[in-house]
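TrEMBL has this to say about the protein:
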TRANSMEM  7-25  transmembrane segment
TRANSMEM  31-64  transmembrane segment
TRANSMEM  84-102  transmembrane segment
TRANSMEM  122-149  transmembrane segment
TRANSMEM  161-180  transmembrane segment
TRANSMEM  192-209  transmembrane segment
TRANSMEM  216-233  transmembrane segment
Amino acid sequence: MPQDLSFYYAAVPAVLLVGLAKGGMGDALSLIGLPFLALVVSPVEAAAILLPILVFMDMISLVVWRKHGDWTTLKIMLPVPGNILRIVIGAVTIFFCLRYFWNNFGPGAGRVIPPRGQRPVAAGFWGTFSGYGSFVAHAGGAPFQIYALPLKLQPREYTGTSVRFFAILNAVKLIPYFALGQLDTQNLATSATLLPFAPLATLAGAWCVRRMKPEIFYPFMYAMALIAALLIVREGVGG
């Protein structure tokens, strides 16, 4: 378990940012938080330390958002079982977000765009992409958002659906991380020292989302998705 105080100077802000994201404040905060931890330990070790904390945050979020969620979206996205992946996910998400801002704030703004209907084939594609991106590049949030944001669910329903989706993905990821030997006693002990910060940040994120109206929530979420996409592309290009 790291004893150097510099580790905790980086790790505590990382956990707080990831917790806010888990509470519903957007994937960008999580992607900003992860590099903090990677400054003081290897990226693989950082992921192994954070994964048990993420699962704990998922449990808190599932309780907070237990009454909210769109089960249709969840059912059609879940069943379908490196750097290039980061660039592809990031580039597609940048285009997706810029199109939203152009339609809603550009010269032709004012035209009402109805919620997009459920599309099982598209949901299966983006659900698979999200699961693969989550494990390989820690970039699973963007594909989920590309499918789910245009549905224009109520903020609480969207957040509840997202929480359930990623709780399942993170639980599944525990198996290969155990198999690869990354969840050893040292990393688990480090996770345990950071665990007390998880509820505070997760509940703070949920508190903010509960007070957001759709006209604030959706521009904010698209902005967070755009920032996340830019960070993913930068990481993919850099290497």
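Heads up, the Cβ atoms here are built off N, Cα and C, so glycines get one too.
Simply put, out of 7-25, 31-64, 161-180, 216-233, 7-25 has the most Cβ pairs sitting under 8 Å from the transmembrane segment (192-209). Between the transmembrane segment (161-180) and the transmembrane segment (31-64), the number of CB pairs under 8 angstroms, six or more residues apart, is three or more, so the stretches are in contact.
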